[in-house]
Structures are given as structure tokens and as C-alpha cells.
Amino acid sequence: ERTLRATVQVAVNHPIGANVVTFADTLRDISGGEMTVEIYDSAQLFKGSEVPKAVASGAIDIGVVLADEYSGTLPAAGVFSVPFLFPSYEVLARAADPDGAFRKTFDDMIASTGTKVLWWQDYGPVQLLSKGEALVEPSQMQGKLVRAMGKPSGDFIDAVGGTPVVIGGSEQFMAYQRGTVDVGMSGTTAVESRKLYEVMDHVTMTNHSLAEFIVVINDALFDALSDEEKAWVTEAAMVAEQSLREQTEANNEASADWLSDGHATVTPLTPEQLAAWQDAAAPAVEVFVRDGGDLGKQLVDAIQALY
Amino acid sequence: MAHDTPGSGPGAQDAPGPWLRVLRLADGLSILAARIAAVMITVIAVILAYEVLARYVFRAPTRWTSDVGTTLMIWLTFLAMAQSLRSGGMIRITALIGNAPPGVRRAAQGFTLLVIGGFSVLAVWLCTGALIESYSMGRRQPTMLQMPEWIAEAPIILGYACLALQALADLIRLPLRPAPIFVSSEEAEARHLSKEPR
Amino acid sequence: MTPVLIVCALVLLLLLTGLPVAFTLASLGTGLIVLKGLPLALIPTNLFGSLNDFVLLAVPLFLLMSNILLRGGVGRDLFVAVQSWVGHWPGGIGVAALLSCGIFSAISGSSVTTAATVGTVAVPEMTKRGYKPSFTLGLLAAGGTLGILIPPSVPLIVYGVIAEESIGKLFLAGVGPGLLLITVFGLYAVLSAAFGDNAEASPRASRAERVLATRRALPTVLLAVVMLGGIYAGAFTPTEASAIGATMALAITVAQRSLGWTQFLGAVKDSVQTTTVIFLIVVGAKIFGQAITLYQIPAQVAHVFDTHVPGQFGFIVIVSLILLFIGLFLESMSMLLIMVPVLLPTVMALGLDPIWFGVYFVLLIEIALITPPVGLNLFVIQAIANMPLGVVVKGVVPFVLMMLGVAALLSIFPQIVLWLPFHL
Ligand code: NA
Ligand code: NA
């Protein structure tokens, strides 16, 4: 019998946390109770930013972390935040193919830090929020203060002429309410769950990047598992990944519908507007390829081959 | 909490003999580190105020102030740690040991110094390993500045090393001095604050 | 339940030997990790991670600001100005002292500096005018505790970091209860002057005196307005507000020629030392908190409440009793850092608002600051007045009762806390 400890920075009733519960339940069932997972949710043990190091050092067995948290050490890990690289759920699903070039390159890169990727957790596309008018043209970003989540999203804002201000998730609501920044940035479902629509009345469906979480396990620990255990873990991970991918698309569409149902003005981009945004954001893709080196280039090429 | 009057800290005079220099070195290091920390806190205030100015007046927020500020804060905390042991400024409950006979007070202080010294040595050992890993892997923070992580990790090792030295120095001096007098740190701070020149 | 009791007993035992709180938590946490065969890598991960948070930067800077103002003699200017307006009322000097505490609370993040700043000027004045010593000292010890309820507040910042809640919201949430406390205390001061006490009021100040005094105190009030107004208006984050506050405090005291080089160095040195002392407990508490989490202790506590205590109200009553007891002996930051991680899972499970709980917790810390044997504000006021501790303790009794009443009000009407952050 073996117990694995997992740290999650959100609550177990949040889709990302619930998905770890799905993994734990599946693993217990398929291993006939041989393997169990103890889940420590709500960042009781580690904040997201601490997870890469905590898992690599063996302080904790398994951790959930936003892929961008690796982007300091591995600039190419910011690939999910590169603007307009993932145009649709289909492209993401193809990129996630375990035998595909993108997935292999990405997971091997994360593995080089002593953390093996178990599965990906799609949380959905990221949108821009604003007050008074939708942001259909990139020129509307000129000179605006814009919430950024970190370096990769900051590069995007730079590229389109805005000024990035890094604001954490918990201060987001007040920053929008009080106008600390002019433009917000958030996943579609979070606009609903964090009540951001109360303070930002326009959601522009730019879908400019993805909030992609990855679940990582300590490399040495995984190597020490028996072949049977490895098979169980891998299978449970794939079950969890698939179930969330299906839910996420539905959840995001439901949130968008709910928002447009009298809670906010939801504006999709026309193909021409999208093209203008992509052109304006091009310098950020160049920055990514420059910082990410060969790996960055490989990842971008692998994605573009899937369009 | 924070004060400079000797509470459980150093007593009347220093121990004679060959240890003197080592002990003075430990004291000197603690004081120097605390002075550097004092400069840092001022720098933090100025750069963060500058950030707001840059954002509103120049509409050009900086990319570095939050990272540099946080890193300086970590440096100042751990640099000033040994001095807070030396000056007896740490928060502790003295209700029981405060009125104990001298032998007990000495034993209690010895126990405190042993635990602090022991934990500090363990911290230095474990953190050094972790820092080497960070450095060799080239870990960087995922922020705009992407500062290498070891820069904010080094002061923790340095701080605990100074603290271990200070605990050792105080432990050596313990039998040579009169038994420590425990004024609760709260009371000591209260006296200190109420006598502030103004 | 047994592990919970064993850990409690060990914490108490180590604290009683006089081992500093920071190292009691760090060493006990380490011991628990080793005992269960948990990875030692937890320790460096915690030591490296615990302070790496931009939000925490507000702590040293708010401390720096209050220390600069304390040494710059701002307390006198403030008190004189408020006194010129309300000093001639019955009980007016007591009210002036309370209002000064309230205003200074809006620039200071700590209760001790608030009590010290206002106490040094108000205690001699009230004594001179014939106020009973126990009343005077009790009023200032209790009024000083407003420092951590009215924003900015160091404990609310630390709570926000542990609970991952918005510091801005927590700050706004402290305003309502803070104003309520001042009102209740002020009514008491007026009533006890009207009935019983034969303290004299100060002579009514002339218009010219008022203008002069107000002009001198204006920069300080302005500082509070810029800082809190800036946070409220979204011009800057609480951390940035602390930096602006510290820089402005320096500018004001230098311009008024009330802060010399020596005083400045003293303020800086004190801020560094207090910061270190607080943060070392933060670091120790992180190791300890992680160890008890891995021992499932918070989960067990939540389970006990779930099975034996009916609902939110039962939880609030029991937690209040526990915190009142712990608060007799333990200093505020230690209370917060030890108890919040243990209680937070239950707070969430019961559906209590974590912002409300943070403010409620801080109110109980305020009470702890004035209950003997260990009460920081008691010591400060005792030292300022140079009177026996018993006199201060006697004086705080009615104030503790009023604070308990306010605590009950906050439990029955949580809107007092939650209206401002969610509706303004
Ligand atoms: Na305050
Ligand atoms: Na107390």
C-alpha cells in the first residue's frame, strides 16, 4: 500500500481541485485500494509559486501548478500564455495528445527540473475585461494600465501598447472596482465565480491565451514506483485529464452564456478584429521565441503544425 | 518586542581569555548586519513610493520594484535576526522563569540557546543544499523581473549562520556571567517606548 | 483528538521554559516532521517561501511610518488639536484622547505605537484635570488597541496573507467596528464624567487657538486621508500605501523640524527589529502550521466542531472563549499565527465569511492586548504613567466588557463588518 500527498492551491470544490479528487478516486478504484492520495487543498501546504520547488525537492509528492509558474526557470513553459497560439479547444486537445510532438517536448522540459508531469488540467481561455466599451481593436489598449498575471501575459500587453501591472488573484476584484487598472484579464469562468462582472461590465472574448494547470509528481518518487503502480497512476491521470477537458469546454460556454444573460456585455471578435489583435500581438510571440530559445521555437512550430 | 536594553542578553562584562575575539566577532557581525538592514528598510520605502510616482506621473510603472522590494525585505529580516537574539528582543513568555532562582534561569537560557543554535545549524545545512540545487538548475522567479531565486535564498543561510554563531557565543558566556534577568520583552519594549525622546 | 492535545501541551511546555515563540514553533514543527518521517526538504522550502510575498512588505513600512511619527512628536500636535475642539465638553478630554487614538490608528498599523503616541500626551493632561487614574489609564490602554482594527493594521495584513484574502477588503472591513468601538468608548467617557467623576473640562479654546492647533495637526490627518483614500480609491495597493505613508511621514516630520537624525535612526532601527521579531514568528509558524496540517490536526479540529458543536454560533462562542484564554498569556502575532491555520478550515466549512472572521479575530486580539498578565498595551500605559499595573488593570475592566459587547454585536450583525468592503 502506498499513500501519495498532493498539494492544491484551490479548494476541492473548485473545478481544478475537484479534478484532483477525481484522480484520487480513480487511482484508489483501479488499484483496488493499493494506492491512495491525501489531498491538502486551499494552499494549506504550499502556494502555487512554491510548488515547482516543493515537488522537485520531495517536500511534497504531487502538486498542482499553473504552467506559467515554471516560466522563470524555463521561459518556454510560458507557451500557454503566448497570445493567440491556441485558437480553439480542438487545437489544445491535439496538442495534449500524449504521443504528439508538442506534449512530449513540453513534458520533457518540465521533467528537466525534477518534476514529472502527470496530467494537464485545462481551465479554459483567458479574456479581457473593461468598463464602458468592449475592446474589439488592439488600438484601444494604447496607454491603458492592464492587469497581468506574470511575465508571459505582461509581454502580450507590452506588445499591444498597454502597460502591464501585476495583480494577484485575490486583489483582482478591488483593483477593478477601484480602477487601479483600466483593463482586466481573467479566465471566463472566474469572471462568474469571482463576481468580476459586478465591477467590469464588458467581457471581450479575445481567447488570447490559456490558463493551463499541470499536475506534477516528484521525479525520483515516480521512478521508484513499481511498473504496476506506474501504470495505475498514469491511467488515473489520463482519466482525470479527459474528464476535465470535456467539462472545461462546457463550463466555459455555460459561463459565457450566463454572463451574456444580463450580467455583462459579452463581445466576440469578428475574424477581422481577431486578425488585427494577432498582428498587434506578434512582437510578444517574438519575445517568447527569443527568451524560450530552441525549445520555445520547437513548441511554437509544433502547435502551428496542428492548426 | 524590539528594544536595545539588555533583557536576557549580554550582562556586565565579557569573558576573558582566548574566546574573547571570537565572541566580539559574533557581536560585531550581528551589529553590522542590523545596520545594513536599517539602510534596506529606507531603500524599500523610497523605491515603492517611486513606483507609484512612476505609474501616475510618468504612466510608466517599473518592472522591478516589487521583486527588489520583497527581496530586500527578506535580506533585512534575516540579517537582523542575530541582533534580535543578542539584544534579547525575541518574544517569549517569561512569567514562569522570570521569578525562578538563578540556577533555573541560567538553565532556561541555556536551553533556549541550544534550541536556537541547533535549529540554526540544521537550517544552514538544509538550506545550503536547496540553494545549490536552485543555483545549478538556474531557477528564476516567474515574475516580470525573473530574478534568480538564489538571490532571495542566500540571506536566509547567512542569517541563520550568524544566529548560530551568536547563540554559540552567548552559550559560552552563559556560565561566566551573572544569571540572566528575564524582563518580559513586552515590558521592556513598553519601557523603551515610553522613554522615547520627543 | 489525542494528537491535538499532545501538540497543545508541547507548545505550552516549550513556551513556559522561556523559549522564544518563533523557535518554539520552528523547533516543534521540525520535531513533528522528523517524528513522522516526513521529508526534511519541507524545512528549506518553508524557510525560502514564507516571506517571499509582496503583501508582507507593508508590515515593515507601516511600522516605519508609525515609528517616525511617534518620534516626530505627532501625538502632541494631534491631541492638542482635537482637545481644542472637544476638550470643553463634559468628559471632553477623555473624548479627545479617544479621537486622537482613532485618528492615529488610521496611520499606524500597531496598537502599541498608538497607545504610546497618544498616551504620553493624554495621560499627564487627564491626570492634571482630575480624571481618576484608573479611568485615564484604562481608557488609553483600550483606546490604543484601535490601532490594529482601524486600518492600516499589521495583524490584518498577516491574516490576509495566511487566509489569502484581499488586504484592501480586510482594511475596509475594520472601519465599521472601529468607529463603533470609538462611539461606545466615547459615550462611556461622557457618561462617566456626567455621573460621578468630578474631573474638570479644559477651558473652551478660542477660534485662533483652534485654527493654530488644527493647522499643526493637519499634515498628519492629511497623511491618513491620502493613504486610506488612496487604497479606497484604488490609486495604490496597501503595500504601496505603506511606502507612500512612510515617505510622507518622513517629509512631514522633517519639514516641521520635529525629527532629527538621531530620532530617524532610532525609528529605522526599531522598525527593523520589530519586523524581524514578527517575521521570525511568521517563519516558525509556517513550519509548525505545515507540520500540524500533515498530522491532519486542523481537519480533526473541524471534525470535532462538526460533530459536537451546533452551527456557526456555537463555533464563535467556543473560539472566543479559547482566544480570550490564550490571549491572557500570548502576544497578538503569536495568537494569530498559531490559531488561524488551525481554525480556518472550520470557518470555511461553516460558511462564515473569512473577511468577517479576520476582523473578529483582531477584535479578540485587541482584548488580549489589555488583559493581564501579558498585555502589551497595559505595559505601555503603565510605563508611561509610572503607576502600579493594578491601577491600569482596574481601569480596563469596563472597556473589556464593552469590547465583549461589541464582539457580540459583530456576531449578531455581521453587516457591521461586511457592509463597507462589499457595498462601497
Ligand atoms: Na491602524
Ligand atoms: Na493578555
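Placed from the backbone N, Cα and C atoms, the Cβ positions cover glycine too.
No curator has checked TrEMBL annotations; they are predicted automatically.
Feature annotations, courtesy of TrEMBL:
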- C:10-416: domain 'TRAP C4-dicarboxylate transport system permease DctM subunit' (DOMAIN)
- C:50-70: transmembrane segment (TRANSMEM)
- C:135-158: transmembrane segment (TRANSMEM)
- C:170-196: transmembrane segment (TRANSMEM)
- C:217-237: transmembrane segment (TRANSMEM)
- C:243-265: transmembrane segment (TRANSMEM)
- C:277-297: transmembrane segment (TRANSMEM)
- C:309-330: transmembrane segment (TRANSMEM)
- C:335-352: transmembrane segment (TRANSMEM)
- C:358-384: transmembrane segment (TRANSMEM)
- C:396-422: transmembrane segment (TRANSMEM)
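In this chain, the transmembrane segment (C:217-237) lies in contact with the transmembrane segment (C:243-265); the count of Cβ pairs under 8 Å, excluding pairs fewer than 6 apart in sequence, is at least 3. Sequence-distant contacts of the transmembrane segment (C:50-70) (same chain, six or more residues past either end, CB-CB distance under 8 Å): 104, 107-110, 113-114, 116-117, 152, 154, 157-158, 160-161, 167, 220, 238-239, 241-243, 245-246, 248-250, 253, 259, 264, 266-268, 270-272, 274-275, 278-279, 282-283, 286.
Non-local neighbours of the transmembrane segment (C:135-158) in the same chain are 55-56, 58-59, 62-63, 94, 97-98, 101-102, 104-116, 118-119, 122-123, 126-127, 167, 170-172, 174-175, 177-178, 181-182, 185, 189, 192, 197, 227-228, 231, 238, 241-242, 245, 278, 282, 332-333, 336-337, 358-359, 361-363, 365-367, 369-370, 375, 377-378, 380-382, 385, 387, 391-392, 394-400, 403; each lies 6+ residues outside the stretch with a CB under 8 Å from one of its CB atoms.
Distant neighbours of the transmembrane segment (C:309-330): 15, 21, 338-339, 343, 346-347, 350-352, 360-361, 364-365, 367-368, 371-374, 407, 411; these residues of the same chain sit at least 6 beyond its ends, with a Cβ under 8 Å from one of its Cβ atoms. Among residues of the same chain six or more beyond the transmembrane segment (C:277-297), those with a C-beta under 8 A of the stretch's C-beta atoms are 3-4, 7, 20-26, 28-30, 32-33, 36, 38, 42-43, 46-47, 49-51, 56, 59, 154, 158, 333-334, 337-338, 341-342.
Cβ atoms under 8 Å from those of the transmembrane segment (C:335-352) belong to residues 11, 25, 155, 158-159, 162-163, 281-282, 284-285, 288-289, 292-293, 297-299, 301-302, 305-306, 311-312, 315-316, 319, 322-323, 326-327, 361, 365, 368 of the same chain, restricted to positions at least 6 beyond its ends. Confidence in the domain 'TRAP C4-dicarboxylate transport system permease DctM subunit' (C:10-416), given as mean pLDDT, stands at 91. Proximity of distant same-chain residues to the transmembrane segment (C:358-384), defined by a Cβ-Cβ separation under 8 Å and at least 6 residues beyond the stretch ends, is recorded for 111-112, 115-116, 119-120, 123, 137, 140-142, 144-146, 148-149, 153, 155-156, 159-160, 163, 165, 170, 173-174, 177, 316, 320, 323-324, 326-332, 335-336, 339-340, 391-393, 396, 399-400, 403-404, 406-407, 410-411, 417.
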